[in-house]
Structure formats: structure tokens, C-alpha cells
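Visitor: Before anything else, here's the structure in question.
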Amino acid sequence: MSMPGINVSNLLNEHEELGLRLLAGQKGLTNRINMSEINRPGLSLTGFYESFAHDRIQIFGKGEWAYITSRTPEDLEKIAAEFFGFHLNCIIFTHGNMPPPIFMENCEKLGIPLMISEVSTHKFITLISGILDRSLAPRTMRHGVLIEVFGIGILLSGKSGVGKSETALELIERGHRLVADDMVEIRRLSESYLIGTCSDLLRHHMEIRGLGILNIKDIFGIGSVRDHKLIELIIHLEEWTEGKDFDRTGLENPTEELLGVQIPLIRVPVRPGRNIPIIVETAAMNQRLRKLGKNAAQEFNQKLSQYLQQGKVERNPTQNQ
């Protein structure tokens with residue numbers, strides 16, 4: 001698992017929706033941002049720096065700007081001395097409000113990128129929080145194929161040559177959608193959600209032995225692919241081994257841990273004659289039912305227990321007399 005960071009320059013140059021413009025501190029554009037949370041200094045500007053989150057991006061909204069621009073030069077100098085006494089990665093003023101000259105001077109001297117945006121504070125925080133959540137999410141790479149089947153994101157795993165790509169190709173031909181083939185990039189966006197995607201280089205492509213590299217979007221159309229998908233089920237394809245037990249009732253609920261998240265796991269034996277694509281389709285539909293609270297295996301088990309209990313009572317009519 002990796003915990004990536006992001007440079008201030010990435011925010012400035014790669015996210016036009018933020019509307020950022022650099023005013024000072026260009027030499028600090030390589031500063032790393034390692035936290036998705038942001039901070040509005042607010043009370044800290046009055047001199048209360050207890051628990052000041054200096055390692056976060058500092059956002060100056062209308063309130064902060066109104067406060068510092070209403071101070072006397074002496075007060076503002078004191079505010080700047082205290083505020084810039086902390087190690088800061090970058091400062092952003094929203095609503096297009098220009099920071100006072102003393103802020104620009106300190107940022108230029110200390111190498112702290114100082115930027116402004118015409119976007120409102122609320123909208124800006126919403127935008128940048130989403131960007132940071134996606135960019136800083138814990139991530140890992142996993143060998144397999146990620147495909148959307150009936151709206152369920154399924155990660156097909158298994159040894160090389162077991163038939164993952166061929167199974168996925170058959171599913172795509174049936175109208176389902178490819179997300180990633182061979183290497184799946186997985187990110188944890190929350191405590192219980194994993195998103196799978198593909199690298200830009202491999203996006204929309206598959207490798208099929210005997211055919212080579214295929215562009216799925218060109219062959220099957222734009223509706224056959226998507227860029228990312230929530231991972232809700234792992235189907236592990238295994239070669240059939242005599243004597244090995246596989247779940248035959250569905251009462252077991254095995255899971256596999258990915259980035260600290262437990263994902264439902266199904267092990268499917270592969271042998272000549274088995275229609276794996278239709279098994280995957282059925283597993284997807286069954287997973288949708290389970291999300292709605294319906295579990296066929298448990299319902300059948302309850303009916304069977306009631307049937308056996310009823311039969312036992314009928315065979316022993318004097319037991320309750």
C-alpha cells in the first residue's frame with residue numbers, strides 16, 4: 001500500500017476548476033501536501049494558536065480577509081510574525097480577495113506559495129477536498145481484471161493463464177463494461193469503499209493470448225468501457241483440483257481484505273465445459289440481491305430446518321402430548 005502526496009504545483013497547473021493564480025512564493029511550488037483536510041485559520045489570527053493545523057492548506061475566506069485587512073499596520077505585522085512562524089505548505093485567498101503586501105512579502109521570502117481564486121470559499125473547499133481525497137487516497141496495484149456486470153464492480157483474480165481476460169471478453173460481448181485489464185489500480189476513498197481504475201497507458205485495452213492487444217472501445221463501442229468502478233465483489237478463478245472443497249451452499253461468507261476493506265469473495269473452479277461468464281453474471285445478480293437484504297442460501301437453510309423440524313414432529317406425534 002502506498003500513501004502518495006501531491007505537489008502544490010499540481011493544484012496550480014492541473015486543476016483549472018480551482019481557478020488558482022500564483023502571487024508569490026514560486027520556489028515553494030514543490031512543497032508536498034500530505035493531508036486531504038484543509039484549514040481556515042480564523043481564530044488563530046487573533047493570537048490563539050493552540051492546536052493550529054499548520055500542516056494543512058490554509059484557506060482565507062471572506063471572514064479571514066476582512067479581519068486582517070481591518071487591522072492596523074502594527075497589528076498586522078504582529079499577526080504576520082506569529083502566523084509565518086509556522087511551517088506552511090501554501091496559502092489560498094478565495095473570492096478573488098487580494099492579500100495584504102506583508103503576506104506577499106513573507107511568502108516570497110519563505111518560499112510559501114500564495115495563491116488567489118475567484119471561486120467562493122464554500123465551492124472552493126468542496127472542489128479542493130474532492131481533489132485531495134482522490135489524490136491522497138491509499139492505493140495499491142492488483143493483478144486481475146475489473147469489470148462492471150449488471151452494475152456490480154467485479155474484480156476477477158487468479159493465476160496467469162486461468163482465463164480471466166477471456167471471461168471478461170465474453171462478458172463484454174454480452175453488454176457488460178471493462179474497467180481495467182491485467183493491472184488494476186485500487187484506491188480507498190473511505191473506510192468501506194474501494195475504487196478501481198486503470199493507468200492511462202492501458203485504459204480500454206485488453207491482452208488476449210493468440211490475438212494480442214485489443215482496443216475494446218474501438219471494437220465494441222464507447223458503451224463497453226468505463227474509467228473507474230466501485231469494487232463490490234472479488235471472484236477468484238482457480239483450476240479444478242480433485243478433492244479440493246468449494247462452497248456448495250452459499251452459507252459461507254468469505255471476504256478478502258484490500259487496503260483494510262473487507263470485500264466479498266467467491267472462489268470459482270475452472271475446468272473445460274464450465275460456462276464461467278454466466279456464473280459471473282449470476283454472482284453479480286446474487287450480490288445485488290444480497291445488498292437488498294435477500295440471501296437465497298440462508299432462506300433455503302431456514303426452510304430446510306423448518307421442514308426437518310416439522311417432519312420430526314409428525315414422526316413423533318406423542319412427543320407433545
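Glycine is no exception: its Cβ is also placed from the backbone N, Cα and C atoms.
Here's the feature list from Swiss-Prot:
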type	residues	note
ACT_SITE	His143	active site
BINDING	Gly158, Lys159, Ser160, Gly161, Val162, Gly163, Lys164, Ser165	ATP binding site
ACT_SITE	Lys164	active site
BINDING	Ser165, Glu207	Mg(2+) binding site
ACT_SITE	Asp182	active site, proton acceptor
ACT_SITE	Arg248	active site
REGION	269-274	region 'Important for the catalytic mechanism of dephosphorylation'
Visitor: Write down the Cα-Cα distance for Lys159 (ATP binding site) and His143 (active site), rounded and given in Å.
Guide: 9
Visitor: For Ser165 (ATP binding site), which of the three DSSP-derived states applies: helix, strand, or coil?
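Guide: The three-state answer is helix.
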Visitor: Fewest other C-beta atoms within 10 angstroms of its own C-beta: which of the recorded positions Asp182, Glu207 fits that?
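Guide: Across Asp182, Glu207, these recorded positions, the one with fewest Cβ atoms within 10 Å is Glu207.
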Visitor: What count of other C-beta atoms do you get within 10 angstroms of the C-beta of Lys164 (ATP binding site), across all chains shown?
Guide: 25
Visitor: What counts of helix, strand and coil residues does DSSP assign across the region 'Important for the catalytic mechanism of dephosphorylation' (269-274)?
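Guide: Output for the region 'Important for the catalytic mechanism of dephosphorylation' (269-274) reads 0 helix, 2 strand, 4 coil.
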Visitor: Enter the number of other CB atoms within 10 angstroms of the CB of Ser160 (ATP binding site).
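Guide: Total other Cβ atoms inside 10 Å, all chains included: 8.
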Visitor: Spatial neighbours of Asp182 (active site, proton acceptor) among the binding-site residues Gly158, Gly161, Lys164, Ser165, defined as Cα within 10 A: which are they?
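Guide: So far as Cα distances go, the binding-site residues lying within 10 Å of Asp182 (active site, proton acceptor) are Lys164, Ser165.
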Visitor: For the recorded ATP site, enumerate neighbouring residues of the same chain (Cβ within 8 Å of the Cβ centroid of Gly158, Lys159, Ser160, Gly161, Val162, Gly163, Lys164, Ser165, site residues themselves excluded), in sequence order.
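Guide: So the extra residues in range turn out to be Leu237.
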Visitor: If I restrict to non-local contacts, at least six residues apart, and a C-beta distance under 8 angstroms, what lies near Gly163 (ATP binding site) in its own chain?
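Guide: In sequence order, Leu237, Val270, Ile276 meet the Cβ cut-off.
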Visitor: Near Glu207 (Mg(2+) binding site) in space, meaning Cα within 10 angstroms, which of the binding-site residues do we find among Gly158, Lys159, Gly161, Val162, Ser165?
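Guide: So far as Cα distances go, the binding-site residues lying within 10 Å of Glu207 (Mg(2+) binding site) are Ser165.
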Visitor: When the number of other CB atoms within 10 A of each residue's CB is tallied over all shown chains, which of the binding-site residues Gly158, Gly161 has the maximum?
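Guide: Result of the Cβ crowding comparison: Gly158.
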